[in-house]
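Just below is one structure, and these are the notes that go with it.
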Amino acid sequence: MVFETIIGLEIHVELATKSKIFCSCPTTFGSSPNENTCPVCTGMPGTLPVLNEEVVTLAVKAGTALSCEINRINKFDRKNYFYPDLPKAYQISQFDLPICSKGYVDVALGEKSKRINITRIHLEEDAGKLIHLEDEPISLVDYNRTGVPLIEIVTEPDLRSPEEAVAFLKTLKSILQYAEISDCKMEQGSLRCDANISIREIGTEVLNTRVEIKNLNSFKEVLKALEKEEKRQRELYQYKEEYKIQQETRKWDAAKGKTIPMRSKEESHDYRYFPEPDLKPVLIEEDFLKRAIENIPELPEERKRRIIQQHGVKEMQVDILIGQKELADYFEEVLSCGANPIEAANWITVDLLRVLKDIDISEEGVPIKANYLAKLIELVQTGKISRTAGKEIFDEMVRTDKSPEALVEEKGLSQISNTSELEKIAAEVLSQNLQAIEDYKNGKPQAIGYIMGQTMKATKGKANPQIVKEIIEEKLKKVQI
Amino acid sequence: MKVEAMRIQDIQKGYKEKNFSAIEITKDYLDRARKFDGSIKAFISLNEDAALRDAEAIDARMLKGEEVGLLAGIPIAIKDNICTRGMKTTCASKMLEDFVPPYDATVVKKLKEAGAIIIGKTNMDEFAMGSSTENSAFTATKNPWDTTKVPGGSSGGSAAAVAAGFAPLAFGSDTGGSIRQPASFCGLVGLKPTYGLVSRYGLIAFGSSLDQIGPFTRTVEDCALSLQAIQGQDSMDTTSYKGKIEGQYVSELQEDIKGLRIGIPKEFFQAGLNPEIAKAMKDSMEVLEKMGAILEEFSLPIMDSALSAYYIISSAEASSNLARYDGVRYGYRSNSFEGINELIVNSRTEAFGKEVKRRIMMGTYVLSSGYYDAYYKKAMLLRSKIKDSFANAFESYDIILSPTSPILPFNIGEKLEDPLQMYLADIYTVSINIAGVPAISIPCGFSRSKLPIGLQFIGNHFSEKQLLKAAYSLEQQLGIHQVMPVLKEV
C-alpha cells in the first residue's frame with residue numbers, strides 16, 4: 001500500500017505594533033521582566049480592554065497579502081482556561097467570526113507551484129512567559145508578552161510532506177515580512193508554528209486521526225519533527241497498528257529529537273468560548289479597508305518583477321535577493337548610494353552570500369554598511385583598486401567597520417592608473433632589462449610578461465595592470481622600429 | 001437641619017451661604033457613621049483621614065471663590081466593588097480582603113474631579129451576587145427602617161448608608177436590580193442608567209454586559225445631579241456610549257408630565273406580588289393619572305423567561321470574569337498547595353463564598369460544550385427577544401411603570417438557604433438589564449409594618465431625562481421623601 005502524508009499548520013504571528021492589543025504598554029522584546037505591564041494587561045479587577053486599531057489594520061493587510069476575504073463584521077470571544085501566564089484566565093480571541101477567511105498562498109516547489117489554502121486568520125492576545133528556576137522549587141512569570149497582538153493563520157490540510165510544510169512557511173514568512181506585518185523572528189517567538197499531521201492511503205479522501213505537534217521553534221525543527229512523526233505514523237500503518245495513533249497533542253523535544261505525548265483528546269480543554277462582552281464587534285468601514293490595503297508595501301513577486309525591469313539584474317540573482325527581505329532591502333540601499341546594479345547584484349549574491357553563511361542578518365543586520373559597499377564597487381569600477389584588492393577590502397569590511405577608502409589607505413592598495421607616472425616607471429624597468437627587450441626582438445613575445453612582472457614589482461603591485469600592459473606593448477613596438 | 005436629613009442641595013446651599021464648612025459636614029457624617037453603623041453595618045471601611053483632608057482642600061478652594069465641581073464638598077459612600085486608588089476594594093470577599101487598587105475607577109475619578117468626598121466603602125453581597133447583602137464575607141448589613149430586615153442587595157451597604165443618614169449620596173452597581181431593589185427596600189431613589197451611559201472602567205466585573213454604576217439619593221433631584229457628574233463616554237471603556245447624551249437633567253425636572261404615555265405591563269402585576277405593594281402601585285397610578293399622564297395596561301410577554309435568561313447570562317459572564325482570582329498575582333492565596341493546580345483550586349475553594357461558587361458553577365456549566373446551545377445560546381436568543389419586546393413597548397409608551405420588587409424587605413436569614421426564592425426577588429428588575437434600558441426606583445409608600453415600598457419607572461435607551469422628570473413629578477406629589485428611619489446606637 002502507498003501512503004501519503006497530510007499536514008495542516010497553525011501559525012501564530014506577532015504583529016509589529018508599537019503597543020499591545022488592548023492597552024498602551026509597549027511591545028518591545030527583551031525588556032526586563034514585567035517592565036511592560038499595566039493594570040489592563042495584568043488583568044487587575046475592574047480593568048477593561050480597548051482595541052488598538054493598528055492591530056486591525058495589520059490583520060487586514062495580512063489577510064489581503066494572503067488573498068483572504070476580509071470579514072467586515074468580526075468579533076472577539078473569550079477562550080477560558082486557567083494558567084498562570086494568562087492573567088485574566090481567559091484569552092481574548094476570535095472564535096466563530098474571525099477577521100479573515102478563505103485565502104491562499106502559492107508556493108514554489110522546484111519548477112512547479114502549489115496552492116495552499118488558508119482556512120482563516122483570527123486576532124488574539126499573546127500570553128506571558130513562565131520562568132522555571134533551575135535550582136529553586138518555584139516558577140516566576142513575566143507578563144511583558146501578555147497582550148502582544150497575534151494573528152493565528154490556519155491552513156487547510158493541503159500540505160503533503162514536511163518539505164512542503166517548510167517551503168510554505170518560508171513563503172508565508174517572506175510575504176508577511178514584505179507586507180511589514182511582523183518581523184517573523186522564530187527564535188524570538190514572533191512566528192510560531194503548530195502542525196497537524198496524519199497519514200492516509202493514496203487515492204482515498206479520508207482524513208484519519210491526526211496528531212498535533214507543538215514547540216517547533218525553527219524551520220529546521222519543523223522539518224525534523226514532521227519527518228519523525230511521519231515516520232512513526234507510517235510505520236504504524238504499515239504494520240496495521242494504526243489504531244495506536246491517538247488524537248493527541250505531542251511536544252517536539254529538539255534535544256532528544258523526538259515527539260513526546262503532551263495531552264490526549266480527553267485531557268484537552270473545554271475552552272467555553274463565548275462572545276467577549278467588554279468589546280463591541282469590529283466593523284470594518286470601506287474607507288478603513290481601502291486605506292489599509294493601499295498601504296500594503298510591495299510584496300515579493302511584485303518586487304522581483306520590478307528589480308528585473310528597473311535594473312536589468314538576472315532573474316536567478318533576483319530570486320536570491322528577494323528570498324530574504326533584508327537582502328533585497330540591502331541591495332536597494334546599496335543602489336541608492338549610487339552603485340551599479342549589475343555590480344551590486346554580483347557582489348551581494350556572490351561575495352556577501354559567502355560571508356552570510358555564518359551570520360543571521362535578520363538578527364544582526366548586514367555586516368557591511370550599504371554606502372561602504374557602494375563605495376567599494378565604485379573604487380573597483382573606476383580602477384582605483386584592483387578587483388583582487390577589492391575582495392581583500394570586502395573581507396576586511398566584514399570584520400571591521402572601517403570605510404573602504406580608509407582600508408585602501410591603510411593597506412596601501414590603491415592602484416596607480418596615472419599613465420605618465422607608469423610610463424616613467426616602465427621606461428626605468430626597460431632600461432634595466434635590455435636582455436628581455438632583445439628576447440622580444442628575437443621573436444619571444446613572452447618577454448612582455450616578464451617585463452610586466454618587473455614593472456608590477458617596481459610599483460609593489462599597485463599599478464593598474466591593464467594600463468601597464470598597454471604602455472609596455474607600445475614601448476616595445478617603438479623599440480622594434 | 002441635621003446632616004442626616006440633608007439632601008445634596010441643602011448642603012450646597014449651606015456652603016453657598018457659609019452656614020457651615022465641608023470639614024464640618026464631613027465630620028458630622030463620619031461621627032454619625034461611627035455612632036450608628038455598629039447596628040447597621042453599611043460600611044466595610046471608612047476613609048476618615050483622607051476624607052477630612054479632601055474636605056479641607058475643598059473648603060480652601062471654596063473660600064478662595066474658585067470654580068468647584070458639581071458635587072463639591074458632598075460626602076459620598078462607594079460600593080466596595082468600585083476601585084478606589086490606594087483604598088481597599090474588597091468586593092466583600094475574602095478573595096480581595098486586602099486588595100488595594102493602583103487606580104481609580106473612571107466614576108471615582110469623575111467624582112473626585114467633581115469635588116465629592118469619599119467617606120467610606122460600603123458592604124455588599126460578595127462580588128455583587130445576591131439580593132440581601134447577606135452574602136458578604138464580612139458581615140450582613142441591616143435595613144435602617146427595621147434592623148431585623150435585610151436592606152436588599154447587592155448594593156445594600158450603599159442603600160443603608162444613605163437611608164441611615166451616613167451620607168447624602170452613595171454609589172452602587174446594578175447587574176439585575178442591585179441598585180433599584182435595595183433603593184426600594186430602604187426608601188430611596190436609585191437609578192440604573194442605560195447600559196453604556198456610565199463607564200464601567202474600575203467596576204469589578206460581575207456580568208459585564210449587564211453591569212452599570214448608579215446613584216442612591218434621598219431625592220430625584222439629587223439623583224439627577226449625581227448622574228450628571230458620573231455619566232459620559234470613556235476611552236477606557238469601549239462599551240461606553242459614544243453618541244450625544246443629555247448633559248442637563250436638574251434644570252428640566254419641573255416640566256409637567258401631561259400627556260405622558262405610561263405603559264403598565266400586566267405580567268409585572270400577577271401572582272407573587274405582595275398585595276400591599278400592589279395597592280401602593282395603584283395609588284401612585286391614580287396620582288399620575290390626576291397629573292395628566294395617560295396610563296394603559298399592556299402585555300410584555302416574554303418576561304417570565306427573563307429571570308432564567310438573566311441567571312444564565314450573568315452567571316456565564318461571572319464564571320469567566322471571576323476566573324482571574326487564582327491566587328497568582330493578587331488577592332487571597334492558600335497556604336497549603338503543591339503545584340500550580342492546587343494553588344489555584346485551594347485559593348478559590350477557601351476564598352469564595354457559597355453563592356459565588358454556585359454562580360461560577362452554573363456559568364461554567366451553561367458554557368460547557370454540549371450544553372452551550374441548550375442554555376447560553378438559548379438565553380442569548382431570549383435576550384434579543386426581550387430587547388425587541390421593550391423596543392416595541394416604547395413605540396407606544398414613553399415610560400413603563402412597575403413595582404421594583406414583588407416583596408417587602410424580608411427577615412435576615414429568611415431566604416439565605418433558598419437561592420431560588422432569593423432569585424425571585426429580582427423578577428421585576430432583571431429584564432431591564434437584559435435590555436440595557438434605564439430604570440429608576442423611587443419610594444412610593446410604606447407597608448403597614450412601616451417598611452418602604454418602591455416603584456420602578458423604566459425608560460427607553462438614553463431617556464434618563466424623561467425618566468427623571470416623571471420620577472420627580474410623582475415624588476413631589478407623594479411628598480414622602482422627607483420621612484426618615486430612626487436609628488438606635490449600639
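For all residues, glycine too, the Cβ spot is worked out from N, Cα and C.
Here TrEMBL flags B:K79 (among others) as active site, charge relay system. The Cβ of B:K79 (active site, charge relay system) lies under 8 Å from the Cβ of B:K121, B:T122, B:M124, B:A128, B:S155, B:G157, B:S158, B:A170, B:F171, B:G172, B:S173, each of these being in the same chain and 6 or more residues away along the sequence.
Feature annotation from TrEMBL assigns active site, charge relay system to B:S154 (among others). B:S154 (active site, charge relay system) falls outside any helix or strand according to DSSP and counts as coil. Its Cβ placed at the centre, B:S154 (active site, charge relay system) has 36 other Cβ atoms within 10 Å.
Residues or ranges marked as active site, acyl-ester intermediate in TrEMBL: B:S178. Long-range Cβ proximity for B:S178 (active site, acyl-ester intermediate), meaning a same-chain Cβ under 8 A and a gap of 6 or more residues, is found for B:D125, B:A128, B:S131, B:G153, B:S154, B:S155, B:G172.
Annotation source TrEMBL lists domain 'Amidase' at B:24-468.
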Across the domain 'Amidase' (B:24-468), the model's average pLDDT, rounded to a whole number, is 96
Three-class DSSP assignment, B:S178 (active site, acyl-ester intermediate), comes back as coil
